[in-house]
Amino acid sequence: MFKQSATKLLELNEEKVKEWLESFDAVITDCDGVLWVYGDVIPGSVDVMNRFKDIGKKIFFCTNNSTKTRKELLTKSKNMGFNITEDEVISTANSLAAYLKARNFNKKAYVIGSEGITKELDAVGIDHNKVGPEHMPGSLLQYLSNNFELEDDIGAVLVGFDEYFSFPKMTKAASYLSRPECLFIATNTDERFPMPNMVVPGTGSFVRAIETCAERKATVIGKPNVAMCEHLINNGTIVPERTLMIGDRCNTDILLGYNCGFQTLLVGSGIHQLNDVDSWKASNDPELHKLIPDVYLPKLGDLLAYM
C-alpha cells in the first residue's frame, strides 16, 4: 500500500489506516529517533510497540548503534518498558562479530569503536585491541618518532562509533589498511545523531575520514545493507512484502526497507523530515527516489489511536 508515496497517515480516515495496519505481520524499527532519543523515551513509542506485539505482530529493534551489545540494548529497552527479547534485537556490533566469525577470521582486529564491539568479539573468540582514548603526546613528529607502533598480526580494521576518535587512531587504521589483505569493515555510515539543539558526529564521519586517508572503501555491515535482516528473510521468520520498516533516517532505515522489499514508515521525530522527502520527489535521480517512504507520521505514538 502507498508504495513510495510518503502518504500522511494522519490525513487518512480511520478505516484506511486500519487497512494499512492489517497489511503487515512483522515490524522492524530503528531505535534512536524513533523509540527514544539518547536516554529519553519518545512519547507513545512504548505503547505502540507493545501493542503491535499484543495483537500478534512480530517485532524487532534494529539499530546501527554499535556502542552496546545485544544484551545491553535489551536491558535498556526493557528498562524503558518495551516488551522485547534478545532474539528480537538486531545490532551492528553483534552482526559485525557474526560476519567475522562466519568467515573464520583468526587474526587480531584493530577496533576504532566502543566496548559494544569488543564484547561481541570476545563472545566469538576474536582477539582485539583495547578501546578507549589514544592521545598524541607532543607534536606529530614526536608521536611518529617515539610512540607510533604497528602490530604484525592485525587482519582487520573495524570502525564503529568512537567518542575518543583521534589522529593516532586514524593514522594506525590507514597504515594497517595499506596491507591489501587487511579487512576494512564499518558498522554503519550514519552521519550524525538526532540530538536536540546540537549536531553530534556519527560513525559515518569517522568512516569517511579513514576511507579518504586509506584510499579504500569500507564494507558496511549496518543499515541499509540487507545483511542486517537477511537471516530473518532466509529462515522464513518474516515475509518482505508483509514486513514494515520504521525509521527516522531515510538513507539508512527507509533505504534498508527498499533494499529488502519491505513496506516503509518515516517518522518525523529524528533526522529526516517531509521537506527532505519533497526534494527527493522533485529530483530526477533514481537513487534519491529510493529514499521516499511509503507513509509518514510525525511520531510513532500517533498510531496508538488506531490500534
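Cβ coordinates come from backbone N, Cα and C, glycine included.
Quick caveat, the model's predicted, so the values are computed rather than measured.
These come from TrEMBL:
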type: ACT_SITE; residues: ASP30; note: active site, nucleophile
type: ACT_SITE; residues: ASP32; note: active site, proton donor
type: BINDING; residues: ASP30, ASP32, ASP248; note: Mg(2+) binding site
type: BINDING; residues: LYS223; note: substrate binding site
**Message:** Validating a neighbour-count step here. Other CB atoms within 10 A of the CB of LYS223 (substrate binding site): how many?
**Reply:** 32
**Message:** Name the residue among the recorded positions ASP30, ASP32, ASP248 whose Cβ has the smallest number of other Cβ atoms within 10 Å.
**Reply:** ASP32
**Request:** State the Cα to Cα distance, in Å, between LYS223 (substrate binding site) and ASP30 (active site, nucleophile), rounded to an integer.
**Result:** 10
**Request:** Give me the Cα-Cα distance between ASP32 (active site, proton donor) and ASP248 (Mg(2+) binding site), rounded to a whole Å.
**Result:** 8
**Request:** Determine, to the nearest whole angstrom, how far the Cα atom of ASP30 (active site, nucleophile) is from the Cα atom of ASP248 (Mg(2+) binding site).
**Result:** 7
